[in-house]
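Peer 1: Encoded as structure tokens, here's the structure I'll be asking about.
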There are 2 protein chains.
Amino acid sequence: MPRSTPSSAEQTVADIGEFGLIANIIRGLSRTPAVSVGPGDDSAVYLINGSAVTSTDILIEGVHFRRDWSSATEIGRKSVAVNAADIEAMGATPVAVVMSLGVPGDLPVRWVKDFAAGFRAEADTAGLALVGGDTSSARDITISVTVIGETGALEPVLRTGATPGEVVAVCGRLGWAAAGLTALGRGFRSPRAAVDSQRVPVVPYGEGRRAALGGATAMIDISDGLLADLNHVAQASGVWIDVETAAFEIPEPVAAVASAVGKDPLDFVLTGGEDHALAACFPMGELPSGWVGIGTVREADESGPMVTVDGRPHEGASGWEHFRRG
Amino acid sequence: MPRSTPSSAEQTVADIGEFGLIANIIRGLSRTPAVSVGPGDDSAVYLINGSAVTSTDILIEGVHFRRDWSSATEIGRKSVAVNAADIEAMGATPVAVVMSLGVPGDLPVRWVKDFAAGFRAEADTAGLALVGGDTSSARDITISVTVIGETGALEPVLRTGATPGEVVAVCGRLGWAAAGLTALGRGFRSPRAAVDSQRVPVVPYGEGRRAALGGATAMIDISDGLLADLNHVAQASGVWIDVETAAFEIPEPVAAVASAVGKDPLDFVLTGGEDHALAACFPMGELPSGWVGIGTVREADESGPMVTVDGRPHEGASGWEHFRRG
């Protein structure tokens, strides 16, 4: 075989400079009809129907992701997905996204190209146009994403609207990402479906909007874990939410990891974070297809707003919090 | 004197955790009539009149600021100002801002409080409501800000609209921040006005909108330096921009630093970045008050679009670029 010439895989960000970095990010960018000014002017310009809906997240290497656990493409996709899920959770439609990227100078250009490809692919799937961004040098790879959506003719679906007598339903995966993280943490790369879910959440795009059209009264993105996030709804709405464990089918990859580590698979389903499924409350009656009823909304009793499992308090970990010691 | 009890200045971010950090950022937040949902739900919701206009910047300690050169309050103010200036440069009105903050666990809570106070103060000045954000642990303080504005009934003012025969005008400070940086770099804390300009740019809020109402055909935020940014306009519009040095009055603090370091003060004015003044092109005639004519737009000749100074090419540094070696 002929010896290969130095490939672009060996080029670093320092070699191509800031403008080269930007060129790699915006190359092949698709534009939607809403966008009148994309990257390149002082600001981007795009149309918003109804009210604007905005969410932002920051992802930092070593805190939110590891390069040896996730490919650049996966990290690019995930950085879009976690934000787009927040727009879905308002019953809104994703429109535009801006992204800032801080990287060390010795980062291979190949990593940036793959990251940008993943970012663009997930943005396309979510219906988002990348309209602008910023770049910087940084010791740790740092990704900041802001997504802007629109409500159209509907009111946004907040966390405050849950009313006693309603059904609590979910759409999307529960426990997959946590099971995948457990597998990765023990050095396994399988079950593949769970590990993939940890690397890139499978956001049920369009289902937030469908829930809003279907009469959802309250909705939330499940990022911290089902019980922790339902508790946000319970507190905001001043209600008692009871989850019925009989309503859940345990997904096979979750069951496999639970069995391997000797854990109750329901723990993954009820408390596992990072799946970015949606939970919503609906008036009693028909649920939108794809949504599964998993509980009920009740009047808060003297204990105040809370979440119970089969009528009883759940003993378990709460959501993830940065900074806390031990 | 009595011994002081442990003060909150000694508390660190690790002591108060993520929720404590967020509480310190959103405490005392003012809300504008445009905002219907502020921080606390999955996304923020607010009204946009006309088209949405968005800009984003990332600021990282050691790259964009130093804690020994700028106070936390100044860094908070600057992180808003640099973005709001990009909205002004579109002739748009600032509406909403989201901010992500990554900080090391050993950062004093006092720093966060002062940063948040500066952020809120500048946001208030710019007319921006802080509607959401994210926090994370990070090795270096990392600030990502996204600003959303609105065009109202006007078209956005792009870089592409400059036409031969027009006047080029500026509004705001030129060279002050670069002079301040030079002073700081040599260990001086004066002249105070220049050093302050480096720490917090004095953005001419409202002047971008006034320029748009006054007929501006092209506009840009001067972040890299007057000539470098006018070159962006020249390239985008396909014109030749000639700057007349006789039109500039050298500001006293800039003259003082130039004299101290043996440099031509015009170099600061023409090439100094980070002032976030505005440059715009107007049809010949009356300029909005506060705007000063400093050049003319001509037909590009066979050399192509360019910027000249008194009819000649300028020999000097171009804009700041991250990553580049040597």
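Here the Cβ of each residue, glycine as well, is placed from N, Cα and C on the backbone.
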Peer 1: Among B:D15, B:D86, B:D106, find me the residue TrEMBL lists at the same Mg(2+) 4 site as B:D42, B:S55.
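Peer 2: Within the candidate list, TrEMBL flags B:D86.
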Peer 1: Given B:D86 (Mg(2+) 2 binding site) and B:E274 (substrate binding site), what distance in Å do their CA atoms have, once rounded to a whole number?
Peer 2: 12
Peer 1: Neighbour count first, Cβ atoms within 10 Å, every protein chain included; then name which of B:D57, B:D86, B:E274 tops the list of binding-site residues.
Peer 2: B:D86
Peer 1: Considering only CB atoms and a limit under 8 Å, which binding-site residues from B:D57, B:H64, B:D86, B:E274 lie near chain A?
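Peer 2: Contact set vs A: B:D57, B:H64, B:D86.
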Peer 1: Taking all residues of the domain 'PurM-like N-terminal' (B:40-150) together, what is their mean pLDDT?
Peer 2: 96
Peer 1: Tell me whether B:D86 (Mg(2+) 2 binding site) sits in a helix, a strand or coil according to DSSP.
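Peer 2: Reduced to three states, the DSSP call for B:D86 (Mg(2+) 2 binding site) is helix.
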Peer 1: At a 10 Å cut-off from the C-beta of B:H64 (substrate binding site), count the other C-beta atoms across all protein chains.
Peer 2: 21
Peer 1: On the three-state reduction of DSSP, what should I expect for B:H64 (substrate binding site)?
Peer 2: coil
Peer 1: Expressed to the nearest Å, what is the distance separating B:E274 (substrate binding site) and B:D57 (Mg(2+) 2 binding site) at their Cα atoms?
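Peer 2: One finds 13 Å between the Cα atoms of these residues.
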Peer 1: Round to a whole number and give the Cα-to-Cα distance in Å for the pair B:H64 (substrate binding site) and B:D57 (Mg(2+) 2 binding site).
Peer 2: 11
